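Visitor: Straight out of TrEMBL:
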type: ACT_SITE; residues: Thr196; note: active site, nucleophile
type: BINDING; residues: Arg224, Ile225, Gly226, Asp227, Thr246, Gly247, Glu248, Gly249; note: substrate binding site
Amino acid sequence: MGGWAIAVHGGAGVDPNLPFERQEEAKQLLTRCLNLGISALRSNLPAIDVVELVVRELETDPVFNSGRGSALTEKGTVEMEASIMDGPKRRCGAVSGLTTVKNPISLARLVMDKSPHSYLAFSGAEDFARQQGLEVVENDYFITNENVGMLKLAKEANKILFDYRLPTHGLETCSAGVESPLIMNGLPISVYAPETVGCVVVDSKGHCAAATSTGGLMNKMTGRIGDSPLIGAGTYACNLCGVSCTGEGEAIIRGTLAREVAAVMEYKGLGLQEAVDFVIKERLDEGFAGLIAVSSKGEVAYGFNTTGMFRGCATEDGFMEVGIWE
């Protein structure tokens, strides 16, 4: 075994004009979450516990699009989703349509551990959360003034906004003002930077785990479900690796992106970084996304075909990196 390794992400597709202060805020949160995971791994916490711990921290801080600070639906509400997967036996849990559960990733974990199912959604998931005694809050808890302003912009533009963290002033210098918008399923979108969060871990025993959580897209249709709660698309873990994806959800779903990393490792014999590079290049068609991954050998890797990806990684031998751009 190559020792433990951990990687975190806060979304792929970053506007090049994102203010420096916002970049630093994101990097500080990623660093804090990495250190939290490193401390847990040094205490021999299992990989599945570490990914839940780290994603809970990301959900609690409003910097990224998960938990508090989630993107708003077209009705101005929050609908969150998350998934978690334990590599050794490929156990998994997923949730969608959450409106009151403070930490969606912990409900996904309970679906995996305490229910006979793998996926619960909307009122059924909410009922299960209360049965299990999870902390619930009013939907207003998740809504920030910043997101209310960005939803207003999205409605005025009659578009889905991906990077809802773009400043509300100076839009003429941002990608929100580009004349050739990206296309999702044949429809135009104005900017691209979902800022979903995720964590992947391999512990000292070589066990891999992955977790992903998001609020989805700004101004999305109510009831929309993206890739983050879909096992094999946004999240996957097995005896070879753990993967968490972020980006254009519909493209990630079509490419079953997370599972593809494991598949090309198993069937093509590729190493972890080779597999990540192959999948980003060959399995996204015209889509845009990024992913983080760890292997059972203690390797860590990431890849993206967007302008940037909020990410950080660390390994037992002392390597640590936090970055946004190439």
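Using N, Cα and C of the backbone, Cβ positions are placed for all residues, glycine too.
Because TrEMBL annotations are produced automatically, they should be read as predictions rather than curated entries.
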Visitor: Within its own chain, what residues at least 6 apart in sequence put their Cβ under 8 Å from the Cβ of Gly226 (substrate binding site), listed in sequence order?
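Guide: Glu81, Thr196, Thr214, Gly216, Leu217, Gly234, Gly249, Glu250, Ile252, Ile253 - these are the non-local Cβ neighbours of Gly226 (substrate binding site), listed in sequence order.
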Visitor: Around Asp227 (substrate binding site), which residues of its chain at least 6 apart sit with Cβ under 8 Å of its Cβ?
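Guide: Counting only residues 6 or more apart in sequence, the Cβ neighbours of Asp227 (substrate binding site) under 8 Å are Ala233, Gly234, Cys245, Gly249, Glu250, Ile252, Ile253, Leu257.
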Visitor: Report the largest Cα to Cα distance, in Å and rounded to a whole number, among the residues Arg224, Ile225, Gly226, Asp227, Thr246, Gly247, Glu248, Gly249 that the record lists as binding substrate.
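Guide: Roughly 16 Å, rounded to the nearest whole number.
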Visitor: Return the residues near Arg224 (substrate binding site) by Cβ distance under 8 Å, restricted to its own chain and a separation of at least 6 in sequence.
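Guide: Thr73, Glu79, Gly216, Leu217 - these are the non-local Cβ neighbours of Arg224 (substrate binding site), listed in sequence order.
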Visitor: Highest Cβ count within 10 Å among the binding-site residues Gly247, Gly249: which residue is it?
Guide: Gly247
Visitor: 10 Å Cβ neighbour count around Ile225 (substrate binding site)?
Guide: 18
Visitor: Around the Cβ of the residue listed as 'active site, nucleophile', how many other Cβ atoms lie within 10 Å? Please give the count over every shown protein chain.
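Guide: So the Cβ neighbour count for the residue listed as 'active site, nucleophile' comes to 35.
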